[in-house]
Amino acid sequence: MKIVVLTLFDDFVRSYYDFSIIKNALDKKAVELEVINFRQYANDKHKTVDDTIYGGSAGMLLKLEPLVNCLRDIKQNQFKDPNKIRTYLLSPQGEVYDQNKAVALSQSDHDLILIAGRYEGFDERIYHYVDGALSVGDFVITGGELAALIVVDSIVRLLPNVINKDSLSSESFNNYLLDYPMYTKPYDFEGYKVPDVLLSGNHQAIAAFNQQEAINNTKMKRPDLYLKYKSNLK
């Protein structure tokens, strides 16, 4: 899989790729990641990427030309199959991104282009040139770079040979459940003790205990997810 992030702050995005799981995935050649500053595709001598908004609204809006020029160029010249690419804006107006979407994208045979917005966002006509938009939540951040990195990270860690399969199967949101509570040494800290079953050595009992704790944890902390879990059992 190849994932390209289009941004005005390429150094910021690229710096994240030097750490942890993303770096391991790159070292293993499990994924190809590229970052492109779309300012270079602006037509004027000042490399202008934003302009005022029709109708008098406050702020500046990203111009269409640099983004569309960039998309056309990289789709033709930087991917193996131009017909197997999905392109998404990162926008609070997009489809809410969740673990199910991450799994679907990680298992797709399509490469990915993510466009990080800035200022007041995108000229509405950009939707004619992309497959959709993704939102990482109902809040506003300064730019789409952090959102793009969330999407990249969540996909890459699901790709083959990046993370141990057993670790993935027990993570939060698997089957709509949060992770079960976990403990480390010391056994007793100021009267708060580790549940004795976890020290029993009985793997079947431990698995059953952890499963029930995951259910209880989800019901208490995320009742919305718990309802999805219950519905999924039917």
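Cβ atoms are placed via backbone N, Cα and C, with glycine included.
Fair warning: this is a prediction, and the values are worked out from it, not measured in the lab.
According to Swiss-Prot, the feature S-adenosyl-L-methionine binding site maps to Gly117, Val136, Gly137, Asp138, Phe139, Val140, Ile141.
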Sequence-ordered list of residues in the chain of Val140 (S-adenosyl-L-methionine binding site) that lie 6 or more positions away and have a Cβ within less than 8 Å of its Cβ, or none, is Pro92
Winner by Cβ contact number (other Cβ atoms within 10 Å) across the binding-site residues Val136, Ile141
Val136
Who sits close to Gly117 (S-adenosyl-L-methionine binding site): which same-chain residues at least 6 apart have their Cβ under 8 Å from its Cβ?
Leu62, Leu89, Leu90, Ser91, Gly143, Gly144
May I ask which residues of the same chain, at least 6 positions away in sequence, place their Cβ under 8 angstroms from the Cβ of Gly137 (S-adenosyl-L-methionine binding site)?
Val96
Other C-beta atoms within 10 angstroms of the C-beta of Phe139 (S-adenosyl-L-methionine binding site) total 7
Cβ atoms near Asp138 (S-adenosyl-L-methionine binding site) (within 10 Å, other residues, all chains):
7
